[in-house]
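**Q** This structure is in structure tokens; I'll ask about it shortly.
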């Protein structure tokens, strides 16, 4: 008798993806973040669904409906803070996942990598629109500033901005459509993640050595299901510590004031996970140039498979590239810090140097390091 999971049409798909999947025997904890991102997405969709039941996307009542959720709905405060901090956790896992991909050369799987970049853009769009919904001061002004960037597009810019706003300023129509998009996008993300997995399972997982592992594979279950489960337990422990003890640590105090179009906050800034891109945007004095740099700060990842010069895939045995990788990590952290600072000396010049360094490391120094390391192999 054949096992049901190997014959049933639906269970067969699950079996090939999560049970009998041949997996490299030596992948480390850095490979846990894919499943952790899945957990984050489930947390966000579940908590978001319950929030949507009580939220009203109207400029007059949006702010008070969020207050009502926190005060009057059973465990509403918990659901709200789970959703807000869940977004931060999502981006922490996302950036670690991308960092792992760069370090171990996972970008060589071009289709998987490119769909990952699309997932990053979708997640950033979802998070931005979600930040607008509570209709606090930073929600309103963040939406105004970021949507206004589209006016930098020549000829059609102004029309495009007014089309997105649904009027001549960020108002009820904008809030309404942002709520609609914020609700539907996570399901599109979930579907795209399935495609991401589909392409990954076509090639199989990479491993820390960056070498083919066909000769040494083990089934995903029970070895990596238990490993993923441990990762999830640790993630949830960290998550609930944040939610229950430091719920506002990563938020902006300005968002506890209702949106006021007549009063501009002293420092308009997005959530912490966009600050590095915001710093790159601000470091260029030209509006269109800044928008192009902002988009390129993410799109530059798509160039990685095409500018790799090294004969080795992973950075594990490449000391120069390792140094440049950690320099890049430090640079992104510096950009994150700068993005949260006011636009005044010395922050302006630090931001410009850090932005220049970001693109220089990825586009120039890393390919050069690869060539040098190839020569070192022959010594």
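Backbone N, Cα and C define each Cβ position, glycine as well.
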**Q** Which residue range, 226-246, 247-267, is the one Swiss-Prot calls transmembrane segment?
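**A** In Swiss-Prot, the transmembrane segment feature sits at 226-246.
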**Q** Could you check whether the transmembrane segment (288-308) packs against the transmembrane segment (113-133) - three or more CB pairs closer than 8 Å, residues at least 6 apart in sequence?
**A** yes
**Q** Of all the binding-site residues given, 97, 182, 196, 201, which has the fewest Cβ neighbours within 10 Å once its own Cβ is left out?
**A** 201
**Q** Which residues of the chain, 6 or more past the ends of the transmembrane segment (226-246), have a CB below 8 A from one of its CBs?
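**A** Tertiary neighbours of the transmembrane segment (226-246) are 29, 32, 35-36, 39, 43, 78, 81-82, 85-86, 88-89, 93.
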**Q** Do the transmembrane segment (113-133) and the transmembrane segment (77-98) share at least 3 Cβ pairs under 8 Å, sequence separation 6 or more?
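**A** Judged by the Cβ rule, the two regions touch, with the required three close pairs present.
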**Q** Measuring Cα to Cα, how many Å separate residue 196 (heme b b566 binding site) from residue 83 (heme b b562 binding site)?
**A** 24
**Q** Same chain only, sequence gap of 6 or more: which residues have a CB within under 8 Å of the CB of residue 83 (heme b b562 binding site)?
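**A** Same-chain residues close to residue 83 (heme b b562 binding site) (Cβ under 8 Å, separated by 6 or more) are 44, 47, 48, 51.
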